[in-house]
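Taken verbatim from Swiss-Prot:
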type	residues	note
TRANSMEM	14-34	transmembrane segment
DOMAIN	22-304	domain 'ABC transmembrane type-1'
TRANSMEM	55-75	transmembrane segment
TRANSMEM	148-168	transmembrane segment
TRANSMEM	249-269	transmembrane segment
TRANSMEM	272-292	transmembrane segment
DOMAIN	338-571	domain 'ABC transporter'
BINDING	Gly370, Pro371, Ser372, Gly373, Gly374, Gly375, Lys376, Thr377	ATP binding site
Amino acid sequence: MTNKEIIKRLYHEIIPYKIPLFIAMFAMIVVAALTGAQAYLVKDLLDKIFMEKDVFFLQILPLIIIAIFFTKGVLYYTYAIILERVGQSIIRDFRLKIFAHIHRQSLSFFHNTPTGTLISRVLSDVALMQQAVSTVIIQLLRDFFQVIFLLGVIFYMNWKLALICFLIIPLAAIPIVKFGKIFRKLSTKTQEETAEVSNMLHETISGSRIVKAFCREDYEVERFHRQVETLFTITMKNAKYRVFQSPLMEIIGGFAVAGIIWVGGSEVINGSATPGTFFAFLTAMITAYDPVKRVSQVNSTIQQGLASAQRVFAILDIKPEIEDKPEATSLAPFKESIEFHDVSFSYGTEKILSHINLKVPAGEALAIVGPSGGGKTTLTNLIPRFIDLQEGSITIDGTDIRDVTTNSLRNQIAMVTQQTILFNDTIRNNIAYGKDSCTEEEIRRAAKAAHALTFIEELPNGFDTALGEGGAKLSGGQRQRISIARALLADAPILILDEATSALDTESEREVQKALENLMQNRTTFVIAHRLSTIKNASRIVVVKKGKIVEEGSHEELLKLEGEYQLLYNMQ
């Protein structure tokens, strides 16, 4: 993506704020005009007061200066606060947009994109964009108008000397353009390494138990040291180029001032210019050169912002793999059956499911068993469209799930998985997460049905207990029962249980199993289980091996077949 394309897209984000921007730009123009007037007043200060001894002008000049500075101060505050608000609003919009876009992606997006990278895009990259947007809107626009008015003053006073000033601009532009390309490249590398640091932090902190279990603290510290050392090296390289610009611009400016003093001083000596005109010109030129120098100083910030914007837009340009059709309708309440019609699915070239045909009547508890990697979880992930099938179709009451909105589909499905996901919030809010609005009584009923009410009430803060990240303050069985309470409160007619008890000890499993039995009542349930003892009472059991259903029947029927199910059963 070129700079022009990035700027064009950023421009479209700014358009909604055009009215406050116009107000701020008007204030900037007035401030710039007053800055030009300040420079011009140096001429009258020297010529009329010091040379001509004009007493009247001496009396009114201080009042004029006070009026100019007061007006500039008021207008500066006006445009600065407006532009700060606009800049922050644009960044807020970007954060909301990228956050919403990320959550519209399918599961494969999260499998392929490291968490630290996504965090870096939302926080670090957008923050750098904010700096660039604020710099461009506030500083560059202000400096642009200031330079225009000061150049007008310069040409008005002495066009010959003004031409010398114009020789500076091409010289000053060379390092700005040259270093701009370097900054862009280094900024991209810096943000890539920053994302790697974020990834490493996320992995090691979330996996702290494994790090400690294998005594790998020193190893991880050394690995992190290497990563931050790489980031340090790139950052310092960026800093060297950035800092080098300032003295370079000072040297160029020094030559320009020396030339103007030599030419302008000669004109004063031979009488073709007054001292006031010369010093006013010099003041205007030095004042105008400051914004030119600032362009070189902020060039690094702008290039970092453009590189960050490119990465943010790259995320925003990723189309979700699963989107509602334009003509998609809401799924009617589930009543009859869920059917798989010749369903196949592959990850790349690897076939995971092959020609699955299955009908699950409403109210049935279907257990899905089989060796690891056989396709059990993939089969259930197709129902809520976490992934999309590639061949065949899945229908609910005869309606293809691809013809309905994903929200209406998922609203009729509840899940309890082996990996219990709880948020760093209170127990109450974690249970209520499954329903937009619910009463305290509904939350308590769900907790009671999930066999969680007793231990919740024993906690010092009860339902207001903060769980910590991932529910770290609870045991595995307690976390799972909170998850079951959440599913109960959602009251969805379709239930998916994916290894819901496999990570629990016997006592915890017993409590969770009771809660699951309550949850499964009057629901159509898909149960994935390795512990076959937990699914003996299932209405039907299907054995999935290498992506195919190889056996189907009740527990007793499958044992009589003396096939795959019996092998699995005997292994336990």
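Just so it is clear, glycine is given a Cβ too, placed from its N, Cα and C backbone atoms.
Feature map: Swiss-Prot annotations on the structure.
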| residue | record | Cβ within 10 Å |
| --- | --- | --- |
| Gly370 | ATP binding site | 24 |
| Pro371 | ATP binding site | 16 |
| Ser372 | ATP binding site | 7 |
| Gly373 | ATP binding site | 13 |
| Gly374 | ATP binding site | 21 |
| Gly375 | ATP binding site | 24 |
| Lys376 | ATP binding site | 26 |
| Thr377 | ATP binding site | 19 |
Grab the same-chain neighbours of the transmembrane segment (55-75) for me: Cβ-Cβ under 8 Å, and only residues 6 or more beyond its ends, written as numbers and ranges.
27-28, 30-31, 34-35, 37-38, 41, 44-45, 48-49
Sorted by sequence, non-Gly370, Pro371, Ser372, Gly373, Gly374, Gly375, Lys376, Thr377 residues with Cβ within 8 Å of centre, ATP:
Val544, Lys545
In the predicted model, what is the mean pLDDT computed over the domain 'ABC transporter' (338-571)?
86
